[in-house]
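Below is one structure, written out as structure tokens, with a few remarks after it.
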């Protein structure tokens, strides 16, 4: 007798670590017989993997949960599961259950591996199921992962964060830093390369802290050096790096390791020493600029991207001018810019000197405009150069063109045959646009 097919629709908010968590949970569900749904309406299970780092992501989750009421009305047996960082906040899991009766299951960031058992509880009629756990030191290994790409893979190397920036909820919802064993990371990457994956991105809230908790004398630079020797692997990327912990040894490995790409995401957050100190970032603007100079001296073609925040409590016009000055001095290839939002449970949320919303709005628009000009100039400087591009497939916006990534993590589009997907090609850049490069394959 043929088993009834079951479908899951997964919706992910937030960072790359959340993307990986969704791939992992989807892999676990696949082991239960669930297949990816083509649409939300086809789903027997809706899995919403949430983020609470920024207010906008949290608000989108609330809106989505409200919209599911009609789907549950049409399909009462539909299971709605909410996971991720949002339920991990104190009291929020209970709030989700109270505000949204459509939700059958809530779990957090530390017990994703328990998802199949929790789903079975729901199917047995015990709903709602509240499955949020507090963090412990264990990092489960060997769990199935259903990756979106067969070419590039996320590989977490460290979970959690010990930094406690005054605006950030991550240490509270992800827990303290917990590194994976180096052999486990190397074995996973070797397995991916053997399966045909050509690029891995090593993930962590702060990859530069890797190994400190292991007591094995290994750090992130040493891990990178080991992974550079994996046969069949073409490229290694990593994110995110805390500027305070970016060592000269790591710079040396990035410069010398053939497979480590020349792209570094280096969140500055602000350019004012006063603001950086209040943020508890652990470095000054002078420290940051010195680090950038050392990176560029060792890796001349490096592309640098960053995160920047405006409107942090107490930020003055002079502080904001310092941030604009930092952006101009560094010359980022790209910047992810954000308006400060108070996050529940963080020190900065309770400070009295909150910046008015209209001031935040003006500053973010000015920052975006400055970075647009710099980013466009950086991309136009690529015109005439020949770049190595890993072809991903048809462009999402121009299906008649192929799209891929350079080693410096720039999107490159060009004419070509679909059969080039998964290959490395040399592309001469003809035009540098704001968000991508356009060119032609060199014969």
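Any Cβ shown, glycine's included, is placed from N, Cα and C.
It should be emphasised that the depicted structure is a prediction, and the values quoted were computed from it without experimental measurement.
Residues or ranges marked as domain 'MTTase N-terminal' by Swiss-Prot on the basis of sequence analysis: 6-124.
Within the same chain, residues at least 6 positions away in sequence whose Cβ sits under 8 Å from that of residue 51 ([4Fe-4S] cluster 1 binding site) are 13, 14, 15, 18, 57, 58, 61, 84, 85, 86. According to Swiss-Prot, the [4Fe-4S] cluster 1 binding site annotation covers 15, 51, 85.
Here Swiss-Prot flags 147-377 as domain 'Radical SAM core', drawing on sequence analysis.
Counting only same-chain residues six or more apart in sequence, the Cβ atoms lying under 8 angstroms from the Cβ of residue 161 ([4Fe-4S] cluster 2 binding site) belong to 168, 170, 171, 174, 176, 177, 205, 206. According to DSSP, residue 161 ([4Fe-4S] cluster 2 binding site) sits in a coil region rather than a helix or strand. According to Swiss-Prot, the [4Fe-4S] cluster 2 binding site annotation covers 161, 165, 168, on the basis of sequence analysis.
In the domain 'TRAM' (380-443), the DSSP tally of helix, strand and coil residues is 4 helix, 32 strand, 28 coil. Annotation source Swiss-Prot lists domain 'TRAM' at 380-443.
Highlighted in sequence order, 13, 14, 17, 18, 50, 52, 53, 57, 84, 173 have their Cβ within 8 Å of the centre of the Cβ atoms of 15, 51, 85, the residues recorded for [4Fe-4S] cluster 1, and are not part of that set.
In the three-state DSSP scheme, residue 51 ([4Fe-4S] cluster 1 binding site) falls into the coil class. Under DSSP, residue 168 ([4Fe-4S] cluster 2 binding site) is assigned to coil, being neither helix nor strand in the three-state scheme.
Less than 8 angstroms from the CB of residue 165 ([4Fe-4S] cluster 2 binding site) sit 269, 279, 280, 281, each of them six or more residues away in the same chain. Residues 161, 165, 168 make up the record's [4Fe-4S] cluster 2 site, and a Cβ search at 8 Å around their centroid adds 163, 164, 167, 169, 170, 171, 205 from the same chain. Confidence annotation: the domain 'Radical SAM core' (147-377) carries a mean pLDDT of 97 in the model.
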